[in-house]
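Have a look at the structure below before the remarks.
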Amino acid sequence: MTKKLALKRKGKESEPINKVVASSEASENEEEEEDLLQAVKDPGEDSTDDEGIDQEYHSDSSEELQFESDEEGNYLGRKQSSSAEEDEESSDEDDDGEEESSDEEEVEDEEKDSKLKQSDDKPSSSGAASKKAPTTELSKRDTSKPEYQDSDTSDEEDIRNTVGNIPMHWYDEYKHIGYDWDAKKIIKPPQGDQIDEFLRKIEDPDFWRTVKDPLTGQDVRLTDEDIALIKRIVSGRIPNKDHEEYEPWIEWFTSEVEKMPIKNVPDHKRSFLPSVSEKKRVSRMVHALKMGWMKTTEEVEREKQAKRGPKFYMLWETDTSREHMRRIHDPVSAPKRDLPGHAESYNPPPEYLFDAKETKEWLKLKDEPHKRKLHFMPQKFKSLREVPAYSRYLRERFLRCLDLYLCPRAKRVKLNIDAEYLIPKLPSPRDLQPFPTVESMVYRGHTDLVRSVSVEPKGEYLVSGSDDKTVKIWEIATGRCIRTIETDEVVRCVAWCPNPKLSIIAVATGNRLLLVNPKVGDKVLVKKTDDLLAEAPSQDVIESERIKTAVQWSNAEADEQEKGVRVVITHFKPIRQVTWHGRGDYLATVMPEGANRSALIHQLSKRRSQIPFSKSKGLIQFVLFHPVKPCFFVATQHNIRIYDLVKQELVKKLLTNSKWISGMSIHPKGDNLLVSTYDKKMLWFDLDLSTKPYQTMRLHRNAVRSVAFHLRYPLFASGSDDQAVIVSHGMVYNDLLQNPLIVPLKKLQTHEKRDEFGVLDVNWHPVQPWVFSTGADSTIRLYT
């Protein structure tokens, strides 16, 4: 059974499909498919054939064509027009001719049907697809099924990559391209170069229909349905091929204006007469207004204002009513006493009983009972009958009553703050390497306390001073003692000249300052140092009596000359500390007992001394030269003063808030100062920020004896009487808006304790991240 479908078409009649050769059609299809793939990969270019579209859909003439189709909607051929049939009938003379023409038409219909089926199996071009006639029947939806049962929405798509709608170029730097439903990384497939793409284009027959999925990075082969859909979109047609664009118009509502109304029911009588119920209601309201029962809106508002009263109140009146009501409705119960523990038992375990040391500490806190861990001393009895009466019972009950009666109660919200939130986040020590972590070498040779240590500027030799009245020079790499210089008194301090062109060691022993040539290293340098210290320069300036009585310069005697001593500077009081200026020509000494002449500055090239202060501002403990500026740091017991040596004035006074200062060290850039104190603290001062400590570090358990900055690395170390050397990271930034970064790194504890003394001095290697420490155990230890 066939159906006839009438279509109006513009343009000239195109050539029949059944006249196209199969081979040429296949080649044209392949060319069109390659052009289509290029259009998909490069959406900016339009590869549609405008001429073909115009020829197919827009022509000058229009005629009515008739086609034959079966029940499924497949084309069976074109039906000839009535005029052609009349011509054919007139041309046929007998019945035999009519039978032959009908047989030829059936053969042509069969051939045309077979070629159309072959063209349906292959991917057809846009022109071939446009010639397929739509079905005449309208598809009806099954009302028993849901409306969107057969359709896929965006929420139901099977999406492997769950990153969402984001730019995928964010994953260009990573090995993966996203995450699947199991939260596992989707690894990118291997990406080939241009040669691989060229070989794949030649060898892969499906290369033209392969596109890359941006979500997974994999190649996806387009199906025939996808190709057909893309062709329809590129050619500007409706994507759904089953959609009937020219379906018959169904006029659900008439377009003609009806003259007669749909309903012609007359209006009810009540629609134009006044309401009786409203009339009764209005009459009742009028009667209420006359009798004064009903009030207007203004009268109601006035009554409300009168009830509220005035809007002002007593400003200075004490509000006790709220607290009184709270006590009635929401009372705070009295805190309960703690339940008795094991220590309050009449027969407590032995670990709860006090030993002699704990008893002594408990009795020592008699004047400060609130600092005791327990308000009683645990006792042990054999039986409960032997327990005497508690003598403090009445007093404790009385104090409990006072607390309940006099102490106010209030509910406070307890803040649940995590302790880790309060701790500042510091970088890991592994990221701050290098720094010393292990003990590498122990220098043994002294027989008493080693009070001071100093390193040669090149980092090859080490000098140490001890209470055994000796100065020893060591080779750092081997630990061998090269030379020992004996002195008359205890060696308090040693300092190697920081100038690499000179080989001089300043040794403070008793009230004498010895300038020693160690005779190690370069021989030319040793000879140059001897020539410099051999002759005294001429004195053009007359020294005052105040300086002459405080210090005297002299050459060493013959026996001391053999030991290497070249110049002796005799002071009037014992010397505690000596320090060099960065250039190596000036050095300063400290005599705590010297009153207003406690600090002296000596010039080596002119053999001249100066007393910088005329008045005493306290007992001077330590002095330092600024590494860059002409400034002089003077530390007393409690404060630190900074003086300008050129202007001869006080620049700044640093407040340490400590009991006793033990030492100082200045950063190589000169903007930060590190101070050690005997009350277990280290103070970091930012000289550009404030006169108060930027940070106070309590890293040691006992007195901190010495601190030192490294000249090259952002490291500093501290030594204490708890036998520990703590190495810390101290980074100072060039940006003045960024605070210094201080991170404790390593605690090195290998020294032994002698007579309550531990580590006495620390010093850094000038080149390597190595630290030296001296202790009361007569040893020098190297940590690397």
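Backbone N, Cα and C atoms are what each Cβ position is placed from, and that goes for glycine too.
Positions annotated as compositional bias 'Basic residues' by Swiss-Prot: 1-11. According to Swiss-Prot, the feature region 'Disordered' maps to 1-159. Annotation source Swiss-Prot lists compositional bias 'Acidic residues' at 27-36, 45-54, 62-73, 84-111, 149-158. Annotation source Swiss-Prot lists compositional bias 'Basic and acidic residues' at 112-123, 138-148. Marked as compositional bias 'Low complexity' by Swiss-Prot: 124-133. The repeat 'WD 1' annotation in Swiss-Prot covers 445-486. Annotation source Swiss-Prot lists repeat 'WD 2' at 488-526. Marked as repeat 'WD 3' by Swiss-Prot: 570-612. The repeat 'WD 4' feature in Swiss-Prot is assigned to 615-653. Annotation comment: Swiss-Prot describes 656-695 as repeat 'WD 5'. The repeat 'WD 7' feature in Swiss-Prot is assigned to 754-784.
In this chain, the repeat 'WD 1' (445-486) lies close to the repeat 'WD 7' (754-784): three or more C-beta pairs between them fall below 8 angstroms, excluding pairs fewer than 6 positions apart. Sequence-distant contacts of the repeat 'WD 7' (754-784), counting only residues of its own chain at least 6 positions beyond either end whose CB sits under 8 Å from a CB of the stretch, comprise 434-444, 446-459, 462, 464, 466, 468, 474, 476, 702, 705-713, 715, 717-725, 727, 748. Panel annotation: around the repeat 'WD 2' (488-526), residues 451-458, 460-461, 463-467, 469-471, 473, 482, 532-533, 556, 560, 563-585, 587, 589, 591, 602, 604 of the same chain, lying at least six beyond its termini, place a Cβ under 8 Å from a Cβ of the stretch. Mean pLDDT for the repeat 'WD 5' (656-695) in this predicted model: 92. Residue counts for the repeat 'WD 3' (570-612) under DSSP (helix as H, G, I; strand as E, B; rest coil) come to 6 helix, 19 strand, 18 coil.
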